[in-house]
Amino acid sequence: MAPLKKKVLGFMVIMLSISAIAKGDENESSSKPPTLVKMVKGKKMCVKDWECNVLSRFCCNLTISDFFETYQFENLFSKRNSPVAHAVGFWDYKSFIIASALFQPLGFGTTGGKQMQMKEIAAFLGHVGSKTSCGYGVATGGPLAWGLCYNKEMSPSQDYCDDYFKLTYPCSPGVQYYGRGALPIYWNYNYGKIGEALKVDLLNHPEYIEQNATLAFQAAIWQWMNPVKKGQPSAHDAFVGNWKPTKNDTLSKRVPGFGTTMNILYGDNVCNQGDIDSMNNIISHYLYYLDLMGIGREEAGPHELLTCAEQKPFNPSSSPAAASS
């Protein structure tokens, strides 16, 4: 038995050594080793388990769950399941991570180094928290602790059916296209467009968004990752620095950063109106989340990158393609 024990012990030592070497050689930006690494036209491409499972350069970086864990999600949205909240038990960390897996190979939360990745998640969730909050000045835990309180508009003022789009996105009889989701979707044309992208019939069944948290997060991330119009930046590209402003953008005071993400998502509902509360509330959520995630609001950059107070909108509200909320 002694020789056998020696062989088993030797094998274990070898395996531990291989494991240690693998971890030592691992790129600092990746805590989980890629399941596949491939060179494509001289560029490193990776696949990393289920969370980043399409060959992509972004999958060589950290995945979102490497730096954003359940306890952090709970910290950011600590009051969402309070008895007075309106979507108790609906939103959870698992739904967010599963939803994000569709977009991580495209760069969502996987662009740049760890700090940029964390900042993008804080920025995206800052919008989500602000748009789904039922917090107010003296609310328990403070006004910024109540994100994901809603998953739908509680008292719709209209059906949000625009007959201008009756040929492309006709309204389904009796269906209401009021605000639903993590970044609330309004109007038939937005439900139609997002439904086409996600291969879900949201035009006829917008209620799916308020019934499935993963789908609700997917719809919100899709809005973050895609421009309102061709030739314009997505909120993602404006935030991570992929977008290069034109001369007209510069004259319109549109610069890469968090402020321009508000311009893209909300247009003149929030931007080009000076220092208004609705804009400041979104910024406050972002800064609060940066603090809670351990990055610190000081990393958000100067005020001119955070605000859109004087930015001209990409899509004025008189345009049919204007922001949806």
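Cβ atoms here come from the backbone N, Cα and C positions, even for glycine.
Here is what TrEMBL records for this protein:
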type	residues	note
DISULFID	C161-C171	disulfide bond
DISULFID	C271-C308	disulfide bond
DOMAIN	72-298	domain 'Glycoside hydrolase family 19 catalytic'
SIGNAL	1-24	signal peptide
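Sequence features, as recorded in TrEMBL, placed on the structure.
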| residue | record | Cβ within 10 Å |
| --- | --- | --- |
| C161 | disulfide bond | 18 |
| C171 | disulfide bond | 22 |
| C271 | disulfide bond | 28 |
| C308 | disulfide bond | 29 |
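Recorded residues C271 (disulfide bond) and C161 (disulfide bond) have their alpha carbons 25 Å apart, per Cα-Cα distance. Between C161 (disulfide bond) and C308 (disulfide bond), the C-alpha separation comes to 29 Å. C308 (disulfide bond) sits 33 Å from C171 (disulfide bond), counting Cα to Cα.
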